[in-house]
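Chemist: This is the feature table in TrEMBL:
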| type | residues | note |
| --- | --- | --- |
| REGION | 32-118 | region 'Disordered' |
| REGION | 433-454 | region 'Disordered' |
| REPEAT | 166-207 | repeat 'WD' |
| REPEAT | 208-249 | repeat 'WD' |
| REPEAT | 250-291 | repeat 'WD' |
| REPEAT | 292-333 | repeat 'WD' |
| REPEAT | 399-440 | repeat 'WD' |
Amino acid sequence: MPGPTLEMEPVEPQSLKKLSFKSLKRARDLFSPAHGELAPPDPESKRIRTSHKISVEYGGIEPTASQKPPRRAESSAPGRGPQGPSNALALPDSRDSSTEGAQNALVVGPSAPRAPNDVGISGRGTLAVSAPGSSERYSTSALMERIPSRWPRPVWHAPWKIYRVISGHLGWVRSIAFDPSNKWFCTGSADRTIKIWDVGTGTLQLSLTGHIEQIRGLAVSSRHTYMFSAGDDKLVKCWDLEQNKVIRSYHGHLSGVYCLALHPTLDVLLTGGRDSVCRVWDIRSKMQVHALSGHDNTVCSVFTRPTDPQVITGSHDSTIKFWDLRYGKTMSTLTHHKKSVRAMAQHPKENCFASASADNIKKFNLPKGEFLHNMLSQQKTIINAMAVNEDGVMATGGSLDSEAAIYALSYDVTGTRLVSCEADKTIKMWKQDENATPETHPLNFRPPKDIRRF
């Protein structure tokens, strides 16, 4: 006969927060059996804290006896000596007797501005607790300096408006590049053509054919009369703008080529594609110098610098890699993003860059790649393109659906005109509204309460 069955008692569903508190309490019981008792006084710790108090309240200047606020008599609780903790941050001397007897926590706001050489209470907000029976039980947080949130207010810029719409392509416009002389710009499209447009008038100057799939990357050399293009047909082409024809092709990619960049000081071309590799080409010999392999998915964004790290790539594997161009090896990998890094933009003047993903837009410094901050305004969509001008104005373009998308963005050489390439087969040119003022278009800025660090 089968044995008796044991009925399992139902398990009470518990939240993650409750389980975390249970785990914390159990760890405290295990490793601190005397958690009900107060820790013994530490004179050295108190000395460090009080010296920090002096530097906070008096700007690092040791106060004279007349400038020090009167100290309260220390409690004579059993088991506590004169070394017990006291109020680390005192209120100003001007408090009256009613304030002395107050039983609530008192918050001192910022004081009036003072001359640089004056000695007095700092303008930063401080906290003093005056509750009965608790003068001997101050936590570390009550002894630390309170630093107010000082998020920098953005500089006002005039809003941008469309001043010209250019039609001519028969498919999605996927890429753009400006001539270093700022006289013309070129666009690549899903109609497999490259078109060259006049910057001043927006008129079509030339159409180039040669690719058999959509063109995803364009670059114009500032050192030669060359233009480079890359597309889904696995081809990378070099165009001679004096003859208006292809003079070189670079073969090696195993799938579509999604991004393209020219080195600022070397005759080197970089391309990234669906084969998860960024390839380094010698422009003159057509030879592949390096195959920068290490990404686990499509390399969809790349830019270069004259100094290390000379190559930075972003991928659909949600990572950003810094590369050593001499040895073709990875220098470091940034894993801050959670989704595909489809666009990156380097600041023209500062040593920093921004990267865009569907989760957030992040800013990193160079050359170490340290994370600086997230952008406050989040674009809840897939971001395909980014551009930054010398004034620090960053533009991002993304996809809402298949027929409402911006695939490429670029400022002109001066940074005063912005050109967007869109899925409606048009090219839109933008400029700042000359009639806008801070009064007519006020800056609606609210400092964030909670900053997402990652």
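Heads up, the Cβ atoms here are built off N, Cα and C, so glycines get one too.
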Chemist: Using DSSP, tally how many residues of the repeat 'WD' (208-249) sit in helix, strand and coil.
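Modeler: Helix, strand and coil residues of the repeat 'WD' (208-249) number 0 helix, 24 strand, 18 coil.
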Chemist: Cβ pairs under 8 Å only, please: of the recorded stretches 166-207, 208-249, 250-291, 292-333, which one is richest in them relative to the repeat 'WD' (399-440)?
Modeler: 166-207
Chemist: Same-chain Cβ contacts of the repeat 'WD' (250-291) under 8 Å, 6 or more residues past its ends?
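Modeler: Those are 213, 216-219, 221-224, 226, 228-238, 297-306, 310-311, 313, 315, 317, 323, 325, 328, in sequence order.
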Chemist: Is it possible to list how many residues within the repeat 'WD' (399-440) are helical, extended or coil according to DSSP?
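Modeler: Residue counts for the repeat 'WD' (399-440) by secondary structure: 0 helix, 24 strand, 18 coil.
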Chemist: Which numbers of helix, strand and coil residues does DSSP report for the repeat 'WD' (292-333)?
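Modeler: In the repeat 'WD' (292-333), the DSSP-based counts are 0 helix, 23 strand, 19 coil.
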